[in-house]
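> Can you read through this structure? Questions will come right after.
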Amino acid sequence: MTTLAYDLAVIGGGPACGPAARACREAGWSVCVIESGLLGGVCPHTGCNPKKVLMGPAEAVAMARHLAGKGLAGEPRPDWPAMAAFTRTFTEPVAPWLAGDYAKRGIDVLHARAAFTGPRTLRAGEKTIEAKKILIAVGATHQRFDFPGVEHLATSDDFLALAKLPARIVFVGGGFVAFELAHLAAACGARATILTHGDAALRRFDADLVARLVAATEAMGIAVRLNSPVARIDQESQGLCVSGPGFSLAADMAVNAAGRPPQLAGLGLEAAGVAATRAGITVNDQLQSVTNPDVHAAGDCLDAPYALTPTADLESRVVAANLLGTPTAIDRTGTPSALFTQPPLAMCGLTEADCQARGLAYVKKEYDLADSFPWQRLGETVGWSKTLVSPDDDRILGAHILGHAAEELINVVALAMRQNLPASALRQGIWTYPTCGYYLRYMF
Ligand SMILES: Cc1cc2nc3c(=O)[nH]c(=O)nc-3n(C[C@H](O)[C@H](O)[C@H](O)COP(=O)(O)OP(=O)(O)OC[C@H]3O[C@@H](n4cnc5c(N)ncnc54)[C@H](O)[C@@H]3O)c2cc1C
Ligand SMILES: NC(=O)c1ccc[n+]([C@@H]2O[C@H](COP(=O)([O-])OP(=O)(O)OC[C@H]3O[C@@H](n4cnc5c(N)ncnc54)[C@H](O)[C@@H]3O)[C@@H](O)[C@H]2O)c1
């Protein structure tokens, strides 16, 4: 067995890997990245990017429907096989490009599944790696179920790689993946059902805006069923039968969208003395393992409040700063989240329920986007915002936007929150007219 020695070994080659691997290599460290799948991780291959490419035609269809009778004649028709082919033009070049980039920089890439054999040693295929520092960036994986017929449950990876869209699709779960993929499927002609076991969907978002989005979701023909835990899936002659207490649904595909736990099984954390819980690796605010000072972690495998590409990137940069001698605490202030439904829902900061739970005083302002020119001219009928501002110092506590362009508008709010600008900065901004952004002044 060959033994290789590095200053830094990174386990996992996704968004949480790149910034730290590149920064340490630029500082003269020897660096290796160990990746068991495709370089680039979930985001460019089976997550954000393929999903958003597929959504392009779906967005065009929704826009055309809203403008029907308002000057747009005819209805565009999504062509799933062509959408899938277009998507591959984005996904397929990523891993070869990254391999070339790492080679050019002198970062070694090992294609193997890594596991710790000691505090600073790893086994990766036939090789032993000894590293002075190790970054765990292994991401998350699909929720495990053990009900009868679980083998019929597909993953979001399977859905995003479909060559042809099935007619009836059930999404098990009521979070980001279930809502986004159900909207995509419905816009492309499938009958979609969202089944979640709890009594609320999209818990991360503000309940009032979620209620409006759920109504819009149902108006699109998507069934949203709460309190519906799946108990079994049976393969029948006409397709699948997805059932649980009080329900039984015929489907051509059932997709696991029930959350993504950290991918820690088989990683040998106990051999390295790295503490973790079911929520992920336990770190201090410098993203260093609380039990092994030579190990850091970043991205979806962390026990952290967000599991997003921008936060994986931020965490990787914070790890790099700490490894390279600039003590840096993670600061996630002003992290925006966007749910890419029709219309999109975006948020930054606290929900109203968070403010109440923390006993924070707040001034709430609600604004009807659908009653404003940029949304009306597009025939949009669903839109709302809720902002929460401190009465003491005009600090923005939270912002929630449902409507066309919400995912872009929230970036402006996120910048203001990250730079600790008061809400008056948004009220007094000079914005291009007639854009959605112009209306930020009325939202605060
Ligand atoms: C369907 C879907 C849509 C999404 N959409 C968005 C979105 O629109 N916006 C957004 O911000 N986020 C989105 N996300 C989340 C985003 O993709 C993740 O937050 C991000 O990819 C996390 O990066 P990471 O580097 O932590 O993990 P990953 O991207 O999961 O990368 C981890 C890598 O580690 C490798 N690995 C794991 N274990 C080992 C091992 N033992 N040895 C070697 N290699 C290993 C894996 O193969 C993988 O390549 C989406 C996720 C999904 C599933
Ligand atoms: N637009 C984006 O930024 C985006 C898109 C997709 C995913 N993501 C990231 O990926 C993560 C994973 O997404 P996700 O949608 O899988 O998880 P999620 O945490 O958003 O939602 C999981 C849902 O599944 C439900 N659930 C849990 N166990 C269940 C069970 N046994 N039966 C039925 N329902 C069950 C939960 O109540 C919840 O509604 C997200 O939290 C997010 O960080 C982000």
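Each residue's number is its place along the chain shown, starting with 1.
Note: Cβ is positioned from N, Cα and C throughout, glycine not excepted.
TrEMBL labels come from automatic prediction, so no person has curated them.
Under the heading FAD binding site, TrEMBL lists Lys52, Asp300. Residues or ranges marked as NAD(+) binding site in TrEMBL: Gly173, Gly174, Gly175, Phe176, Val177, Ala178, Phe179, Glu180, Gly259. The disulfide bond annotation in TrEMBL covers Cys43-Cys48. Summarising the annotation, TrEMBL assigns domain 'FAD/NAD(P)-binding' to 6-312. The domain 'Pyridine nucleotide-disulphide oxidoreductase dimerisation' annotation in TrEMBL covers 335-436.
Looking at the shown structure, what environment does each listed feature sit in?
In sequence order, Ala16, Val42, Gly139, Ala140, Arg260, Pro262, Gln263, Gly280, Ala307, Ala312 are the residues near Asp300 (FAD binding site), counting only same-chain partners six or more apart with C-beta under 8 A.
Using a 10 Å radius centred on the Cβ of Gly259 (NAD(+) binding site) and all shown protein chains, the other Cβ atoms total 15. In the three-state DSSP assignment, the secondary structure recorded for Gly259 (NAD(+) binding site) is coil.
Sequence-distant contacts of Cys43 (disulfide bond), defined as residues of its own chain at least six apart whose C-beta falls under 8 angstroms from its C-beta, comprise Gly14, Pro15, Asn49, Thr309, Ala312.
Looking only at the domain 'Pyridine nucleotide-disulphide oxidoreductase dimerisation' (335-436), the predicted model's pLDDT averages out at 98.
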> Going by a 10 angstroms cut-off between Cβ atoms, which of the recorded positions Cys48, Val177 has the sparsest surroundings?
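The recorded positions Cys48, Val177 were compared, and Cys48 has the fewest Cβ atoms within 10 Å.
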> Give the helix, strand or coil assignment DSSP yields for Asp300 (FAD binding site).
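For Asp300 (FAD binding site) - judged by DSSP and reduced to three states - the answer is helix.
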> Going by Cα-Cα distance, which of the binding-site residues (Gly173, Phe179, Gly259) sits nearest to Lys52 (FAD binding site)?
Phe179
> Given Cys48 (disulfide bond) and Val177 (NAD(+) binding site), what distance in Å do their CA atoms have, once rounded to a whole number?
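Distance between the two Cα atoms comes out at 10 Å.
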